[in-house]
Amino acid sequence: MSTIENFDAHTPMMQQYLKLKAQHPEILLFYRMGDFYELFYDDAKRASQLLDISLTKRGASAGEPIPMAGIPYHAVENYLAKLVNQGESVAICEQIGDPATSKGPVERKVVRIVTPGTISDEALLQERQDNLLAAIWQDSKGFGYATLDISSGRFRLSEPADRETMAAELQRTNPAELLYAEDFAEMSLIEGRRGLRRRPLWEFEIDTARQQLNLQFGTRDLVGFGVENAPRGLCAAGCLLQYAKDTQRTTLPHIRSITMERQQDSIIMDAATRRNLEITQNLAGGAENTLASVLDCTVTPMGSRMLKRWLHMPVRDTRVLLERQQTIGALQDFTAELQPVLRQVGDLERILARLALRTARPRDLARMRHAFQQLPELRAQLENVDSAPVQALREKMGEFAELRDLLERAIIDTPPVLVRDGGVIASGYNEELDEWRALADGATDYLERLEVRERERTGLDTLKVGFNAVHGYYIQISRGQSHLAPINYMRRQTLKNAERYIIPELKEYEDKVLTSKGKALALEKQLYEELFDLLLPHLEALQQSASALAELDVLVNLAERAYTLNYTCPTFIDKPGIRITEGRHPVVEQVLNEPFIANPLNLSPQRRMLIITGPNMGGKSTYMRQTALIALMAYIGSYVPAQKVEIGPIDRIFTRVGAADDLASGRSTFMVEMTETANILHNATEYSLVLMDEIGRGTSTYDGLSLAWACAENLANKIKALTLFATHYFELTQLPEKMEGVANVHLDALEHGDTIAFMHSVQDGAASKSYGLAVAALAGVPKEVIKRARQKLRELESISPNAAATQVDGTQMSLLSVPEETSPAVEALENLDPDSLTPRQALEWIYRLKSLV
């Protein structure tokens, strides 16, 4: 904002603007003036750049021209969407006074603040993604983290113990807006994130947080929510709730509870694992060819969002998982009937949030009515499903016959977008409204009669009666006949080819009609607000219904996917281990144009590490990732792509697969690789599933091999995690001979002339060849380069059978094996004392050593 020294020098309107802007200095202020939202000074300059709109000037105030930009009020949603997507927040200032009775500027106030994390408008949200507001707090004992989805009322908190866990939570939740304390120490953790908001320390005070939360939930303490002993999480939650209330400028009745998310309740995946497994986002940042893209054929947006939450938080409670499995099995015969009906339910969850915020639009209520109309048919279909969990969902979804009847009587079939447009409340719902409408709607008949009468009376055949929003009712006569207008016709408007007049009788009728229209619209708005009052007492039951419908959508979807994609129900076992028969990669098998080669896997305490060798493009990474994805799918309760699966307890999934430079943090590829490896070695347990791909390739051969060997030893002997260890260091294939619990498997290929065929089939034992030059040729490396490489390979192999790491056989020398017998020359040198030699003796020793070499 430009500094204005003399406040009194401004016009009254600009004084009002400056007072409001001073209350919201950090964000854009949309200041309502008639049919436009105006922005002034620095706000105008910023908005013109962000929105690509014209920057103009509005006269002068305090002797200086005022930069100004404006947007039409009817198009505000489009502009808000653009700003929110760029991480901006906007204060919406409306006229609340009556211009007709106002002395000086019309009274205005900020009615809501639109921020990236607190939006609930349908036009601003991505319907199949959660939109989270989050707050982060840190003290000497760790982090506190809270998230709120204001569009559903879902409120969660957690207490990540360390930086890695906090980073994983940030990646999992991906908040649209993140609040942090002004003294937050770990800025490198959040730098570069969208929607960062620095907040004062007092907003994170624990006593204030407890008071805020108890007030919100109507409780005396927080014991019932299981969060009483989570002080760091509560500090974050208190700040977050206060911010939500400040921005919405209303109560938040749909936020009725808070849930503690504990690490031990779900399978932990760090940020690298979520990225590498491409659960909901591929490595390029898109949604194509991800696990969610294959599994998500849900028919409601709220079901899609729930499925993605399941995928990012696999549960460890086998009772929950067995219940989901049983439900999926029971629903498989009913998917074709249930999905078309569920599709009609729509996004009831977000509609209810807008109802709670009293921002629901007429079409929201029409959609709610349509959702209620599906419930009897859904309940009838589910009655035939022999499953206790399904029947529990059926009860939770309710029927709401009274509310359905209310909305059928109150709202017309296809209402307009906004209640201010009128025509929302159905005829017959309110007698007084019908009377005012009859008076207003009778205008058409009256005008037709008046036009016929005046034409006959004046004899003017061009005379017609009309209406426009600016000038009201008028009698129009062509320019050629205007000189014949009767004396009682008073000119109202001159056009190029016509004149428009008013007569006392028409003016009287206009006042009467406009009064009736105004009163009808005012009454309609009042009745619309009263509908909120009738619906809101049922909010808790309605939210339970929406949650049950979303869960039903997810389970019906997983049943359909299991049947369509030939998935099988996995079996949970008590001991650590994974046994897969004919396993397939859920994503790769969908994008291949040829049959996917299924492969087995056997991991157990006695066979806890597989050393995987084979050519590049042979399928090692696919084999590893498919194992992790099958485990992940099993732990959301889904069926899995395999013939048979037995899976034991898993506490964490780690992946060290691929790497790139992290230039923003100044970390090389190798540094990124080692950081991820360190995280695995510090945090993995015997119940963890670990994928290690090409450890050590970012440094010299000897360094890399040494690190890979030591990491493999540590994982197999000390941690005893279930590990898939892919490598091109063929020396590692000797590990099974040196330690218990390690086995070799490989993926083979066949060479024929200059071509290579990858078999993609996993076999026991180590690979016999790396096929690196064949893959290079396949990639299009020039023939002369390949030819030279073959020559160099033969040279290296003649020097050391191990130098090229191409052939593996019984005679291969390990880089890490004991050295051969020391040469005579070296032995002679070791026994020699140079200080005791005479010059002649030294010369003789040189000749003698020469003969020994």
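In case you wondered, yes, glycine gets a Cβ from its N, Cα and C as well.
Features of the protein shown, as given by Swiss-Prot:
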type	residues	note
BINDING	Gly614, Pro615, Asn616, Met617, Gly618, Gly619, Lys620, Ser621	ATP binding site
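Using a 10 Å Cβ-Cβ cutoff, Gly619 (ATP binding site) registers 23 neighbours. The binding-site residues under consideration are Gly614, Gly618. Their Cβ neighbour counts within 10 Å are lowest for Gly618. When Cβ atoms from all protein chains are considered, those within 10 Å of Met617 (ATP binding site) total 18, not counting its own. Of the listed binding-site residues, namely Asn616, Ser621, the sparsest Cβ surroundings within 10 Å are found at Asn616. Contacts of Lys620 (ATP binding site) defined by a Cβ separation under 8 A and a same-chain sequence distance of 6+ are given as Ile612, Thr613, Gly614, Asp693, Ala726, Leu747, in order along the sequence.
In sequence order, Leu747, Phe758 are the same-chain residues whose CB sits within 8 A of the CB centroid of Gly614, Pro615, Asn616, Met617, Gly618, Gly619, Lys620, Ser621, the residues recorded for ATP being left out.
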